[in-house]
């Protein structure tokens, strides 16, 4: 088992699949699934590679579907000279696999696939259906990935009962945290207009940087939620970029014409896109500035009520790893926000998240084996 896990994880890491480029990952995955008699349906959209794959049990008319969902795309590695080993080498050192995507989430994909092979070899006449959704557009816009697949599946009345997403949910040990929801996200750009002028004559200019300071203070100190959420962390804002126009580094005696501020909200079930938009506009109206506000992207929060799948996973992790998993909704967005539309119970369970998107991203071989074992045990509980 461990040799298969290492080989498959390395094969996937060695594909430099920077979002949304799949870069041959899905061929590796589909070849693996075809050898297990899966039906493979490509659902490519624009520049994104997608697959829907499934294998029926012995009853093709009345069955439960367990879906594994994941992504093959990764974020850029940054300066490769800062890496201990080349980011797309899949180097193993001291029982740790290094490489971009090792924990987010090519290791989890390999663990799912190897667990599926082990399950089918042990139970070739299983009752229920196993399915996979794989996309190369999760780290990017998400427009052409799982969102498109789910839309097609809903249109043709595909039924999904349970879903495991291989996002890196664990904090210190595999299975110590599982997620059943995520906050929503919305990104905006605020342009504050001033007037350019000589710094020695403040009476003849409007410095947009000065105009922005009290606005920034207000934005960062506002309580956005009407009530405390019992399901999610508080709604929060982060400023992501700040720059002026024109950018003039050759002199320090001129003020800019405009200040451009990019920001991102992570919002819970006590706030909405509409309420955030309204509150931002109310704040800006109090400062008598000329501005333009543009909203660039959004995703809604999702929450999956704990049910049979959660109970199964908690029991497995307690029994085999002596850990009581914490159930929470922290972290960034995930494709669970699209899959929730199917009505499936969703859990995110994957590798440790302490090196994701970082230089020297890695996954421990012991953790990889544990993750695959947990997936296998879940299949035993649901698919037989």
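Yeah, the Cβs are placed from backbone N, Cα and C, and that goes for glycine too.
Not measured: the values here are computed from a predicted model.
Annotation comment: Swiss-Prot describes 71, 104, 167 as Zn(2+) 1 binding site. Long-range neighbours of residue 104 (Zn(2+) 1 binding site) (same chain, six or more residues apart, CB within less than 8 Å of its CB): 74, 75, 167, 168, 350, 351, 353, 356, 357, 361.
Taken residue by residue with DSSP, residue 73 (active site) is part of neither helix nor strand, so it is coil. Take the CB of residue 73 (active site) and look out to 10 A: across all protein chains shown you find 25 other CB atoms. Feature annotation from Swiss-Prot assigns active site to 73; the stated evidence is sequence analysis.
Taking Cβ-Cβ distances under 8 Å and a sequence separation of 6 or more, the neighbours of residue 139 (Zn(2+) 2 binding site) in its chain are 19, 71, 73, 74, 75. What Swiss-Prot records for 104, 139, 357 is Zn(2+) 2 binding site, and it gives sequence analysis as the kind of evidence.
Positions annotated as active site, proton acceptor by Swiss-Prot: 138. Around the Cβ of residue 138 (active site, proton acceptor), the number of neighbouring Cβ atoms within 10 Å comes to 26.
Residues 104, 139, 357 make up the record's Zn(2+) 2 site, and a Cβ search at 8 Å around their centroid adds 74, 75, 101, 105, 356 from the same chain. Excluding 71, 104, 167, which define the Zn(2+) 1 site, the same chain contributes 70, 105, 108, 138, 139, 165, 166, 168, 334, 350, 356 within 8 Å (Cβ to the Cβ centroid), listed in sequence order.
When other Cβ atoms within 10 Å of the Cβ of residue 71 (Zn(2+) 1 binding site) are tallied across all protein chains shown, the result is 33.
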